[in-house]
Structures are given as structure tokens and as C-alpha cells.
């Protein structure tokens, strides 16, 4: 339609990635960095150091008995691997009983919520629930703030999220009671790791050209990983958990200047009938890009008004349409499992970094650093090898690494190396699913599909800390479960169609036909890919409108 063509022509004059897009992109990815830091803050703020039972007579407020002293070894039973038990001790009748007080190893951390509130033994669930509540907050923020960003504007939600994550990130440090702490953590998650991150991602996708979306999208994931590294860095420098949380919260100050220097999305303004403001932003961007293009402002504003007043015949579709036809339904279920599996393994490995023997800050930092080569490889190989083989191989290798590491001696260099390798591959596949999902589904339900996939990812993120509690029965159970789910999903992605160099489908009918019969197995057997869609048949979307993309994260 003329209205869409006018918007695409105007945005196309900006180029794919000039100085203006670069400046705005830098502003946006700051939210990704703070989101990663806030999401993993409990790794340090609620760290659970090595611990043992408090033995009256041997341990006093003035001095603590040596962990391997003869008296302690006689007072506390040993586990199967020869270590002193964390949760039981001998009573005066030489019978084992549960501890009521603990001694914590202060080598790496002497102050944390876990130490204050005893997130150990029968109370381990409290630490897991705290992280689960945060993930549920991210889920809520993705759903609620996504819709609000569509209604009130990307910048409005971004800036309010920046202000509120600053306030809540500081306030949560001073909450003295567990249940109130959970409530504040829930709100903290909504604005700390959902609001600004989501809208920042959407803003970037709506101003950069199609050729730069993959690189920019993956860079967002890299900024999130940088936030994980910040968690480790500040945690190593600051021992007091209250001051540490305040420092994490104060990073929200980085987003406050955005109120004055960040622009609203021209696409969103155009869709809201505020064509004049949209054109003015594009004119400003053209000047910053040193472009000599002159916009016909009056004509563009006129066409923008036609868009709002005359858009009565737009096709309507919803999430339900993803399940009405067999091919779309199969792709939807497959992609939802892929989101679920990637999130489960990614956060399972990340949150378990503190459990690996060794310096927890170094290990957490390494877990963040290993994501960078993974993202670089994705950017380089994604368009060369294709989405399907790359995401499948990364998930299969990542899942296998989880299972192998579970059967190696805990804390060994080999086991730690394999876990880190698993994180590297899963981080890469998690980055790919964002782009792959957008390309698999037709325009009329694309954002609904992304929103559904994101919901599956947030659900598994919330389940991850609870699944980790299963190590009480057998330490291997969580890692093996993560690995098996990743292997199953990695294999099933081989049945998805390849989207590299394929134009995006527009209607539900095209979405149902897209990729039908195209699996890794048919391709490997020499069958030709369906010619229903080819680069010659249809011009690829240059800049697909992303009005509801805020539901994707």
C-alpha cells in the first residue's frame, strides 16, 4: 500500500547503519548491559558459600574451629565423597540430627542474603524461589510492558523503566524481610530486566536496515553478557552485600540521560498518526548521517495521515492462528520448544556458575566472556551456513556437554571446561532463535509468534532454579535434564525449514506453505527446496514493520 511504501522509502533513505543509528544503538544497548547485571545479581548478593553445622563448644562468636580439625570431623558426619556434611551433625547420643545454625566459609564472601537468611539445607528453596520470582517478573514485564510500549511509545516505557530500575535496584538492598524482598525483586525484574531491555531492542530493530539486524540483535546479547561480567567484577571488589546491591542499582543512572537524548521510534510515531514527528526525527537523522537527501515533508505527513484514517482493511490475525493449520502448528510447537530449551540450559549453566569449585567471581566472569566468541561466530557464519544447521549443531553440542560434565568429577578442570564449552554453544543458539523465529512466521502473526516463544523462554527461566534443587536427590539430575531437553530440541530443529536468503512470508496462507517439505533430511537426500518462495519470485522485506516486536524478549 502507498502508506507502507512511503514509510519504507523514508526509512530507506537513512541507510542501514549511519552515525545516527550508531549513536541511538549505543544508547539502547546500555539497557541490555544493565538487564544482564540485574538478572544475575543474586549470584553474588545471595551467594551461598561453603558451609557446615555450627558445633556448640567448638564454635563461638569469637572464634571458629578449623573445618578439618579432629574435633569437627568427629562432630559432623561425612558424605559419600568424603566431605563433611552441610546439614547434619552428631548429637550427644552420637545420632545424626539436622543443624539449626551454620558456619560459612568467608574466603570469597562474608556477606550475602543467603548467609543472613540461611538459604541452606531445608531452606535452599528460598534462594531458588527468589530467582524464580525474578524470572516471573521478567515474564510479566515482557507481556505487560510490551503492550504498553505499543500503546504509549517505546521511549516512554524505556525511560520509566530506567528510572524505576534505579529506584528499585537501590531499595531492594535495604529490605529486611524475606517475603517483602520477593515482592520488590518481582517489581525490580519487571523494570530492570524487561522494560528497558525490550524497548531498547525494539527501538534498534526499527531504525537499522535489514542487513544490520542480525549483527545488532546479536550485539544486544553480547551486551547482556557484559552485564554478567559486571556482576562478577563488582562482586569481587565489594564484600558487603548491601553496598553491592546499591552499586548494581545505581547503574540505572546510565539510562537517565536517555530522557533527553534518545529519540522515539519513527515507525511507532508513524503508526500512531504522528507523521510530522516521525519525519522530523528522520530529517534529524539524515543530517547526522551527513546525507544530502531532502524529504518532502508535506507529502510524507499527508500520507502518514492517510495511513491512520484509511487503514480499515488490514488483515487481522492472532496467536490462535499459529495452531490452525498443520505446517504452521508444527513450526510453532517446534520453535516454542527451542525457546524453552535454550533458556533452560542458558540460565541453568549461568546460575550454576557459583556452584563450580574455584573462585566464583572468576568463573562467573568466564561464563560471561565465553559468550563473545560465540556471538562473533554466529554473526559470521549465520548467513554462510544457514540458520537450521547452525542452531541445531550448537544445541546438540551444548546439550551433550551438559550430560558429559555431569558424569565427570565435580570441580575438575575437564568438567569445568566442558561446562564452559556448553555455555558457549548454548549462548550462540539462544542468539540465533531470535532472528530465526522472526523469519519463519508470516508478517500478520510474526510478533505473536515471537511473543509466544518468549513466554516459553521466561517459563523455563522461572523453572530453572527449581529444577536445580533436584540435585538434593542426585547431583547429576539437573545437568542431565538440561542436556536431554537441549538434545531433543536440537534434533527437532532439523525439521524446520531453512530461511537464509528466503523472503519472509506475509499472509497466513504463505506462512502455511513456506518451507513445506523442507527439512534437513530432505535437503541432505538431494531433494530440491520448494520453489514456492525464491529470491527471484519475491522481493525480500527491506524493513519489516515491528510495531509489536516488544513482545519478543
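Heads up, the Cβ atoms here are built off N, Cα and C, so glycines get one too.
Automated prediction, rather than curation, is the source of TrEMBL annotations.
For 21-48 (among others), the entry in TrEMBL reads transmembrane segment.
The average pLDDT computed for the domain 'Major facilitator superfamily (MFS) profile' (27-501) is 83. Positions annotated as domain 'Major facilitator superfamily (MFS) profile' by TrEMBL: 27-501.
The feature transmembrane segment is assigned by TrEMBL to 128-145 (among others). Taking Cβ pairs closer than 8 Å, the transmembrane segment (128-145) reaches residues 39, 42, 46, 113, 157, 161, 181-182, 185-191, 193-195, 198-199, 347, 351, 451, 454-455, 458-459, 461-466, 468-469, 550-551, 553 in its own chain, all 6 or more past its ends.
The transmembrane segment feature in TrEMBL is assigned to 157-176 (among others).
Look at TrEMBL and you will find 182-203 (among others) tagged as transmembrane segment. Here the transmembrane segment (182-203) has long-range neighbours at 24, 27-32, 34-36, 38-39, 129-130, 133-138, 140-142, 144-146, 149, 154-155, 157-158, 160-162, 164-165, 168-169, 171-172, 175, 217, 220, 224, 252, 255, 262, 265, 546, 549-550, 552-553, meaning same-chain residues at least 6 beyond its ends whose C-beta is under 8 angstroms from one of its own.
Per TrEMBL, transmembrane segment is recorded for 215-237 (among others). With a cut-off of 8 Å between Cβ atoms, the residues of this chain six or more beyond the transmembrane segment (215-237) that come close are 17, 25, 28-30, 32-41, 43-44, 47, 109, 197, 200-201, 204-205, 208, 244, 247-248, 251, 350, 360-362, 364-365, 367-369, 371-372, 375, 378-379, 427, 430-431, 434-435.
Feature annotation from TrEMBL assigns transmembrane segment to 243-261 (among others).
Annotated transmembrane segment per TrEMBL: 332-349 (among others), in sequence order. Long-range neighbours of the transmembrane segment (332-349) within the same chain, counting only residues 6 or more positions beyond its ends whose Cβ lies under 8 Å from a Cβ of the stretch, are 135, 322-323, 367, 391, 395, 398-399, 402, 419, 422-423, 426-427, 429-430, 433, 436-437, 440-441, 449, 452-454, 456-461, 463-464, 467-468, 478-479, 482-483, 485-486, 488-490, 492-493, 495-496.
Per TrEMBL, the feature transmembrane segment maps to 361-382 (among others).
Among the features that TrEMBL reports, transmembrane segment is placed at 389-408 (among others). Remote same-chain residues near the transmembrane segment (389-408) are listed as 338, 341-342, 345, 348-349, 378, 381-382, 414-415, 418-419, 421-426, 428-429, 432-433, 436, 475-476, 479-480, 482-487, 489-491, 493-494, 520 (criterion: CB distance under 8 Å, separation of at least six residues from the stretch ends).
For 414-437 (among others), the entry in TrEMBL reads transmembrane segment. Sequence-distant contacts of the transmembrane segment (414-437) (same chain, six or more residues past either end, CB-CB distance under 8 Å): 213-214, 217-218, 221, 225, 335, 338-339, 342-343, 345-346, 349-350, 352, 356-358, 363, 366-367, 370-371, 373-375, 377-378, 382, 387, 390-391, 394-395, 397-402, 404-405, 408, 449-450, 453, 486, 490, 496, 499, 552.
Panel annotation: around the transmembrane segment (449-470), residues 124-125, 127-129, 131-132, 135-136, 138-139, 142-143, 146, 319, 322, 332, 335-344, 347-348, 351-352, 433-434, 437-438, 440-441, 477-478, 481-482, 548-549, 551-553 of the same chain, lying at least six beyond its termini, place a Cβ under 8 Å from a Cβ of the stretch. According to TrEMBL, the transmembrane segment annotation covers 449-470 (among others).
Per TrEMBL, the feature transmembrane segment maps to 476-496 (among others).
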Intrachain residues whose Cβ lies under 8 Å of the transmembrane segment (21-48), provided they are six or more past its termini: 14-15, 108-109, 112-114, 119-120, 124, 127, 130-131, 134, 138, 158, 161-162, 165, 169, 188-189, 192-194, 196-197, 199-201, 203-204, 207-208, 212, 216, 219-221, 223-228, 230-232, 234-235, 241, 244-245, 248, 251-252, 254-255, 258, 261-263, 285, 288, 350-351, 353-354, 360-361, 364, 368
Distal contacts, the transmembrane segment (243-261) - CB-CB under 8 A, six or more residues away: 27, 30-31, 33-34, 37-38, 41, 44-45, 155, 158-159, 161-163, 165-173, 192, 196, 230-231, 234-235
